[in-house]
Amino acid sequence: MGERIYPDKLDAGLLRVAGVCVLAVVMTILDTTVVGVAQRTFITVFESSQAVVAWTMAGYTLALATVIPLAGWAADRFGTKRLFMSSVLAFTVGSLLCATAPNILVLIVFRVVQGLGGGMLMPLTITILTREAGPKRIGRLMAVLGIPMLLAPIAGPILGGWLIDAYGWQWIFRINLPIGMVAFILAAIVFPKDRATPSETFDVAGLLLLSPGLAAFLYGISSIPARGLVIDPHVWIPASIGLILIGSFVLHALRTSNPLIDLRLFKNREVTAANLTMLLSGAAFFGAALLIPSCLQQLLHQTPLQSGVHMMPERIGAMLTMPIAGVLLDRRGPDKVVLTGITLIGAGMATFAYGVAAQVGYLPVLLAGLVLMGMGLGCTTMPLTAAAVQSLAPHQIARGSALINVNLQVAASISTALMSVILTSQFDHSKNIAAARKAGILQPGRRDLIPDPALMPRSTAVSDFMSNVLRDLSHAYTAVFVAAVVLAVLALIPAMFLPKKPVAPGPGQVAVVAP
């Protein structure tokens, strides 16, 4: 059978396939960003804490990390068309289930179902588009499709805030149902048939060790605020089990020929530097960024819609620097670009920490912090992905890409749990915040409330009480952003060992998309 011949132009058939792929991927990107705006709403509706509610994101990203290395094997085993449609269906069904969740624990479980479906869609999209476009058209095609993928994170918080304010939190999940159904039907019609070509066996043992290990460890850590002590059995038992499973996975991965994650790649110094930088910079950014809408809702008394609108500068900043970072990556190499990006993230977090501590308004300090964070993110994720595979042999690139992708999702999960633990711990040490919760003052969008004096600490005037609540809230959120600054500074250390030569992308090499 001869080699496939591709036309030079982006023909209608290719654009139809690409349109279906983008529709599905944008659906998952929107879902990730709208859930960030809903964190405070979940806490209020389900009468829960930030440490528990954070699992609506941590569980989702852990599910993504689970299925990313599975995508390549499953595409060969079942065929890309069948797997794409199954993934869209799983994500859509997961969305329907999320909208019916009666409590926070059930919602977390259904978010994992969403993640298992959504995690497949990005790698499948890259595979499908690379195959249908060919090496000479994939660059132009991704440039065109990059626009809606960049706009989706900007629109997501606004859409989510509007749906929560106007119709209720259930609609941030129900909105996925018509999109998912359309994507499923169009994929059945538009995608060409492909054959399953079973290849190497899948590392089931590795999957059963790593995913539960990460989940158990993060569950133990996230239980610290509620239990008070690390030595509490509800903390150290799951955390210890998690560490044992993770350690067992490391031993297993170093001994098997086709591991879930190829840890032997860490023998390459540049791969190690890129992954360690991704872990620390991701930990610095994602967990703190998830809490920004909650911070705006509590300190500035914003509604979910208002906080969604005010998150726009962060994504716009990323959209502005991503193309610049791509050009500089080709000319200067990853090290200078990534060092600049991490510095911008740290500066943005520090600016935001100052604004929150000083209890200033949105303009200009908090706005400046958001722009700096976004600009830093745009200079970090894609260059680190390129750096992780730059020095690998051609047959190692797929595994190197899977490694950095999984690392990104793990960083997001750890960061989400860690920052939420810090915030919850600060809340739990404040009598004023406890009293404000009983009075209903901390609900999203509630303004100018006069609390019941019976709910306030004794010998405290109403004006003093409200001032004390704001002070304690600002101190709690400041601790989160200061922790993010520390992690960003630590990320600079491995970033200094990144490749200093320009990256020469191979065919089909595509950047990672942040959660």
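Note: Cβ is positioned from N, Cα and C throughout, glycine not excepted.
Predicted automatically and left uncurated, TrEMBL annotations should be read as such.
Taken from TrEMBL, the feature transmembrane segment covers 12-30, 50-71, 83-102, 141-159, 171-192, 204-222, 234-254, 274-292, 337-357, 363-389, 401-423, 476-498. Annotated domain 'Major facilitator superfamily (MFS) profile' per TrEMBL: 17-503, in sequence order.
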Recorded stretch, among 50-71, 234-254, 274-292, 337-357, 401-423, maximising Cβ pairs under 8 Å relative to the transmembrane segment (204-222): 234-254
Maximum Cβ pairs under 8 Å to the transmembrane segment (401-423) - stretch from the list 12-30, 171-192, 234-254, 274-292, 363-389: 274-292
For the transmembrane segment (12-30), sequence-distant contacts whose Cβ falls under 8 Å of one of its Cβ atoms, 6 or more beyond its ends: 84, 87-88, 91, 118, 121-122, 124-125, 128-129, 132-133, 137, 141, 144-145, 148-149, 152-153, 155-156, 159-160, 175-176, 179-180, 182-183, 186-187, 190-192, 513
Positions on the same chain near the transmembrane segment (171-192), where near means CB under 8 A and six or more residues out: 16-17, 19-20, 23-24, 27, 30-31, 34-35, 38, 80-81, 84-85, 88-89, 91-92, 95-96, 98-99, 128, 132, 159-160, 163-164
Contact between the transmembrane segment (337-357) and the transmembrane segment (476-498) (3 or more Cβ pairs under 8 Å, separation 6+): yes
Distant-in-sequence neighbours of the transmembrane segment (274-292), which means Cβ under 8 A and at least six residues beyond its ends: 36, 39, 50, 54, 57, 266, 307, 311, 314, 334, 338, 341-342, 345-346, 349, 352, 370, 373, 376-377, 380-381, 384-385, 387-388, 403-404, 407-408, 410-412, 414-420, 423, 477, 480-481, 483-485, 487-488, 490-491, 494-495, 498, 514-515
Long-range environment of the transmembrane segment (476-498) - Cβ separation under 8 angstroms, sequence gap at least 6: 269-270, 272-274, 276-277, 280-281, 283-285, 287-288, 291, 295, 298-299, 333-335, 338-339, 342-343, 345-346, 349-350, 352-353, 356-357, 384, 387, 418-419, 422-423, 426-427, 430, 433
Within-chain partners of the transmembrane segment (363-389) [C-beta distance under 8 Å, separation at least 6 from its ends]: 270-271, 273-275, 277-278, 281, 285, 289, 292, 296, 310-311, 313-322, 324-326, 329, 334-335, 337-338, 340-352, 354-356, 396-397, 400-401, 403-405, 408, 498-499, 503, 505-506, 509, 511-514
Integer average pLDDT (0 to 100) for the domain 'Major facilitator superfamily (MFS) profile' (17-503): 87
